[in-house]
């Protein structure tokens with residue numbers, strides 16, 4: 001059975017299963033944001049000290065995305081997915097059993113290894129397995145899985161951690177991954193590597209200034225976002241003085257707003273992708289600047305989180321669409337680079353938030369985040385004027 005002869009129903013089932021996998025991988029990456037206080041309490045540490053776990057995870061992904069992708073470039077994709085899921089599940093069992101913070105960090109590094117490979121191949125696999133003429137919808141489903149990780153995954157993970165302990169959150173993610181793995185084994189055909197690219201692809205990609213500019217924009221804007229977002233849970237409780245339940249609700253609201261951003265991008269992205277991304281970066285800048293002033297009211301923080309969530313979803317979708325459009329001949333290499341660069345931004349933002357919290361005040365995370373956000377806004381305006389046609393290739 002090949003991907004060309006299967007029924008549309010089976011083809012969609014494969015894409016949906018990949019979207020569920022995307023949901024699980026994004027949930028485990030983001031869920032520590034909602035568990036920092038609980039993990040810190042468990043190991044008798046400061047919240048800011050535990051936060052370094054976010055940076056380690058993100059930078060391992062950043063460092064290993066391209067090497068792992070190149071090492072596995074000729075490996076049949078079904079076998080590769082099964083292997084990385086086994087590593088992913090085993091690492092979550094270790095997270096559940098963690099008897100020290102060091103062991104927890106080691107388990108997260110194992111998850112990061114699996115993550116590094118998964119995100120470099122997922123978009124291209126979704127396109128390959130989609131029914132004829134439905135590639136855009138397949139990518140949209142993967143993006144929906146990503147969005148739902150913010151909408152449901154992170155808040156549910158926090159709720160489980162709140163009532164059953166943070167270890168159970170990681171255990172539940174491992175169980176979800178096991179079920180998904182069984183579905184993948186049943187549904188996926190043999191998937192020989194295609195358009196994976198190689199080291200020979202790198203000089204070609206590096207000679208594309210529009211693509212390199214998108215990568216730079218990605219790392220700067222993601223740094224801005226994660227400077228504040230990494231510590232939003234302790235910020236809400238310790239700086240704003242609101243309850244743990246409100247922190248959970250706020251994470252749910254911020255994630256849910258991402259669905260609105262996805263709908264907006266779906267309707268307007270084909271014609272106005274560049275303008276949407278620049279507008280979203282400007283909106284992120286405003287949200288970060290108003291984070292501390294909004295902390296005096298639950299309503300103000302709630303409204304701010306809605307706009308924040310919308311902005312980040314539009315930015316994330318816009319960056320991914322442009323990368324895929326600018327490197328159709330080496331999608332796996334381009335997406336491995338994108339995943340690595342995105343995670344450099346996550347790690348940098350979490351580290352900046354960590355240092356601000358330790359040496360200045362956690363109340364300052366929003367203000368500090370405005371610096372890279374402003375730089376990203378200026379850069380986006382420059383590059384979208386410099387390469388207006390190239391960056392809109394995906395609309396043709």
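Every residue gets a Cβ built from N, Cα and C, even glycine.
Pulled from Swiss-Prot:
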type: TRANSMEM; residues: 15-35; note: transmembrane segment
type: TRANSMEM; residues: 50-70; note: transmembrane segment
type: TRANSMEM; residues: 81-101; note: transmembrane segment
type: TRANSMEM; residues: 103-123; note: transmembrane segment
type: TRANSMEM; residues: 136-156; note: transmembrane segment
type: TRANSMEM; residues: 170-190; note: transmembrane segment
type: TRANSMEM; residues: 209-229; note: transmembrane segment
type: TRANSMEM; residues: 246-266; note: transmembrane segment
type: TRANSMEM; residues: 275-295; note: transmembrane segment
type: TRANSMEM; residues: 299-319; note: transmembrane segment
type: TRANSMEM; residues: 333-353; note: transmembrane segment
type: TRANSMEM; residues: 364-384; note: transmembrane segment
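Within the same chain, the transmembrane segment (333-353) stays apart from the transmembrane segment (136-156): fewer than three Cβ pairs sit under 8 Å, each pair at least 6 residues apart. Segment contact holds for the transmembrane segment (103-123) and the transmembrane segment (15-35), given three or more CB pairs below 8 angstroms at sequence separation of 6 or more. Only pairs six or more apart in sequence are counted, and the transmembrane segment (136-156) with the transmembrane segment (50-70) gives fewer than three Cβ pairs under 8 Å, not enough to call it a contact. Non-local neighbours of the transmembrane segment (81-101) in the same chain are 21, 25, 28, 39, 43, 45, 50, 53, 107-111, 113-115, 117-118, 121, 167-168, 170-171, 173-174, 177-178, 180-181, 184-185, 188; each lies 6+ residues outside the stretch with a CB under 8 Å from one of its CB atoms. Contact check: the transmembrane segment (15-35) against the transmembrane segment (275-295) gives fewer than three Cβ pairs closer than 8 Å, residues 6 or more apart, which falls short of the contact criterion. Sequence-distant contacts of the transmembrane segment (246-266) (same chain, at least 6 residues past either end, Cβ-Cβ under 8 Å): 33-34, 140, 143-144, 147, 149-155, 158-159, 162, 232-233, 236-237, 273, 276, 280, 298, 301-302, 305-314, 317-318. Through the fold, the transmembrane segment (364-384) approaches residues 210, 213-214, 216-217, 220-221, 223-225, 227-228, 231, 235, 274-275, 277-278, 281-282, 284-285, 287-292, 349, 352-353, 356-357, 391 of its own chain, all at least 6 residues removed from its boundaries and within a Cβ separation under 8 Å.
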